[in-house]
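Residues or ranges marked as topological domain 'Periplasmic' in Swiss-Prot: 1-11, 81-86, 151-173, 298-306, 350-368. Under the heading domain 'PTS EIIC type-1', Swiss-Prot lists 1-368. The feature transmembrane segment is assigned by Swiss-Prot to 12-32, 60-80, 87-107, 130-150, 174-194, 199-221, 225-245, 277-297, 307-327, 329-349, with sequence analysis given as support. Positions annotated as topological domain 'Cytoplasmic' by Swiss-Prot: 33-59, 108-129, 195-198, 246-276.
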Amino acid sequence: MLSQIQRFGGAMFTPVLLFPFAGIVVGLAILLQNPMFVGESLTDPNSLFAQIVHIIEEGGWTVFRNMPLIFAVGLPIGLAKQAQGRACLAVMVSFLTWNYFINAMGMTWGSYFGVDFTQDAVAGSGLTMMAGIKTLDTSIIGAIIISGIVTALHNRLFDKKLPVFLGIFQGTSYVVIIAFLVMIPCAWLTLLGWPKVQMGIESLQAFLRSAGALGVWVYTFLERILIPTGLHHFIYGQFIFGPAAVEGGIQMYWAQHLQEFSLSAEPLKSLFPEGGFALHGNSKIFGAVGISLAMYFTAAPENRVKVAGLLIPATLTAMLVGITEPLEFTFLFISPLLFAVHAVLAASMSTVMYLFGVVGNMGGGLID
């Protein structure tokens, strides 16, 4: 069992290695679009500099916007017993097939499943765009499950001998054919169960709003612990960008009333208590350093230079722009238990700050 867990962790580490460079590109691009750093003239949308930076930034988002697909394809590299390249191909085709089935079933029988597939795939909708397919947002959890199923089929069926007249379907084609049939009930079960999980998360909003400091703790804890599932969007999305806390979302409300807050002699917490739900970014700034140092000093001495090369860009990305996936996914696969401890500490940090009267729009990194 331990060896299988280690193999799984090693397989998941392959896509994680793609995050640091992508994070650096996005972080630098965001910096270069900030007028405080480069001046107003260079950040003008009509300037050649701003246009080039925007193009580079879009390329940098590739890994982050396609995380489920990348994790799905990355799993067979470590878990397929043979023909890893062919296993990756089978997983990619099957994962996309699963999402197409979800889309088709959702569009056809959406009312039965309680999912509105006609709405836009935005944060809080429960939907996402995956390789151009509107589908349920199951994040890397769905990707890992489907990839694991197809990889298991590959390990069992890739070498299976078929009759001579069916020889053209032997190998990868046979795996994909069987996986095609398996993806139908998988898509059905996903549509049947996942929206209920999403609705359960949404129902927490009323409790979070009315629970004061406890609500801030639970909010921040769930926002961190649910990152691997994609369900964290249901936690922060409606608070930061939607009307769960204030009309228009905390981010817009903060920008609109910032001058009013600065002129008032009242404590900021009494003026804007809802700002306690936007303190989760502080763990990205301060917690990232602790996570990185822990991984560095627990690494074997001969590997510390390599580990530092991975951790430094990931940590800077988390601290500056609040993109924590490169660091937290590495952390998650190394020690899931400590990732849960990290979520507890992040929640406790936000709650203590809130109790001391600190509120505001602090959901991102230092630049935010």
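Just so you know, glycine gets a Cβ as well, placed from its N, Cα and C.
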(message) Counting CB pairs under 8 Å, which listed stretch among 174-194, 199-221, 307-327, 329-349 touches the transmembrane segment (277-297) the most?
(response) 307-327
(request) For the transmembrane segment (174-194), name the stretch out of 60-80, 130-150, 307-327 with the most CB-CB pairs under 8 Å. (result) 130-150
(message) Take the C-beta pairs under 8 A between the transmembrane segment (307-327) and each of 12-32, 60-80, 87-107, 130-150, 199-221. Which stretch has the highest count?
(response) 12-32
(request) Using a Cβ cut-off of under 8 Å, list the residues of the same chain at least 6 residues beyond the transmembrane segment (12-32) that approach it. (result) 38, 42, 49, 53-54, 56-57, 59-64, 67, 70-71, 73-75, 77-78, 144, 310, 313-314, 316-318, 320-321, 323, 325-326, 329-330, 333, 367
